[in-house]
């Protein structure tokens with residue numbers, strides 16, 4: 001999903017101007033910060049002052065924060081939010097796959113929804129994915145394809161350097177267009193849902209903070225370079241997905257790469273969502289709840305659900321924007337900073353408290369603005 005948002009960064013610069021460059025850097029810093037504070041909530045000090053990992057998941061953190069209200073309330077809210085966001089992401093991959101196939105083979109008399117069904121058939125083996133190791137290998141291939149796409153676009157843009165002009169940057173901004181840019185830029189960095197599992201599976205968890213710093217630093221450099229070169233090349237003609245600006249022979253190649261990336265990206269959110277649901281069901285004492293057959297049934301049901309919603313949900317992009325404004329902002333900004341303040345308040349310095357409160361307020365404002373824009377878009381469509 002981040003790769004798809006990255007392709008919209010040049011369009012975000014079109015509507016945010018010079019402030020967009022600052023936003024790319026600021027979003028990297030904020031997402032890096034919330035990732036660190038989220039992982040900090042997994043640990044508590046023992047009697048000797050050593051940090052011990054006492055929680056394993058986002059759900060455990062939420063339950064620890066809400067235990068006075070209800071032992072499981074926080075976990076339920078977090079799990080529902082995670083599953084909604086992950087399933088919406090899976091549906092988006094199917095919708096995008098159908099769209100890319102339709103644009104890559106315009107002369108084939110097949111509708112976009114039929115192409116989505118064809119893409120769905122290639123994803124059926126996801127039912128049999130049982131370990132994160134398989135998902136990680138597919139994600140590695142996905143990253144490789146992503147770099148190929150970025151390389152192709154940047155290489156073409158460098159051949160057009162003679163057309164570049166800083167005068168293409170806008171100084172005056174439309175507020176609603178600017179909000180769209182904020183959403184695209186921020187959600188190109190989000191990964192908080194996967195961080196507790198990632199940190200727990202690292203050989204040296206102590207290196208997590210360093211890893212997070214470097215990955216966000218390099219992501220910021222790459223995204224700034226990509227967005228800047230593409231926008232300077234096409235200026236006011238920059239389209240929502242930058243690959244649509246490429247010459248036809250390159251556009252087809254990149255669209256096929258994007259299709260491959262979308263299909264390779266699908267297993268990660270799918271696996272994460274089904275594991276959350278299966279673990280919730282398996283908390284019962286009955287051994288039948290933990291059977292492999294149940295896990296297969298959960299994965300099959302979710303796979304079919306993503307197809308049905310991709311086929312029959314009208315105006316899915318607007319619905320995705322609405323749910324993303326709620327779930328994405330909550331999981332990325334609101335909950336990590338709120339949980340950190342709740343669990344670590346007595347041990348935080350004044351500046352650390354100010355940082356968490358500031359991130360929470362910014363996240364709330366971004367979420368509210370996104371909700372208003374999405375609802376306005378839905379009302380215009382249905383009106």
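Backbone N, Cα and C define each Cβ position, glycine as well.
What TrEMBL records for 2-375 is domain 'Amino acid transporter transmembrane'.
Residues or ranges marked as transmembrane segment in TrEMBL: 76-95 (among others). Sequence-distant contacts of the transmembrane segment (76-95) (same chain, six or more residues past either end, CB-CB distance under 8 Å): 1, 4, 58-59, 61-62, 66, 116, 119-120, 123, 193, 262-263, 265-266, 269-270, 272-273, 276-277, 280, 302, 305-307, 309-310, 313, 316-317, 319-320, 323-324, 326-328, 330-331, 335.
Annotated transmembrane segment per TrEMBL: 115-132 (among others), in sequence order.
If you look up TrEMBL, you'll see 144-166 (among others) marked as transmembrane segment.
Per TrEMBL, transmembrane segment is recorded for 178-198 (among others). If you look at the transmembrane segment (178-198), the same-chain residues 6 or more away from its ends with a CB under 8 A from one of its CBs are 1-2, 5-6, 8-9, 11-13, 15-16, 19-20, 23-24, 27-28, 30-31, 34-35, 38-39, 42, 55-58, 61, 82, 85-86, 132, 216, 219, 223, 268, 272, 321, 324-325, 328, 331-332, 336, 366, 369-370, 373.
Residues 6, 9-10, 12-14, 20-21, 24-25, 28-29, 31-32, 35-36, 150, 153-154, 157-158, 163-166, 168-169, 188-189, 202, 238, 242, 245 of the same chain lie 6+ residues outside the transmembrane segment (210-232) yet bring a C-beta within less than 8 angstroms of a C-beta in it. Sequence annotations record features per position, and here TrEMBL assigns transmembrane segment to 210-232 (among others).
Annotation source TrEMBL lists transmembrane segment at 252-272 (among others).
The transmembrane segment annotation in TrEMBL covers 293-312 (among others). Remote same-chain partners of the transmembrane segment (293-312), defined as residues 6 or more beyond its termini with a Cβ less than 8 Å from a stretch Cβ, comprise 87, 90-91, 94-95, 98, 113, 116-117, 120, 123-124, 126-130, 270, 273-274, 277-278, 281-282.
The transmembrane segment annotation in TrEMBL covers 318-339 (among others).
Annotation comment: TrEMBL describes 359-379 (among others) as transmembrane segment.
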What else in the chain is close to the transmembrane segment (252-272), if you only count residues 6 or more beyond its ends and a Cβ gap under 8 Å?
1, 3-4, 7, 82, 86-87, 89-90, 93-94, 96-97, 100-101, 103-104, 119, 122-123, 126, 129, 132, 134-135, 138-139, 141-142, 145-146, 148-149, 152-153, 193-194, 197, 243, 246, 299, 302-303, 306
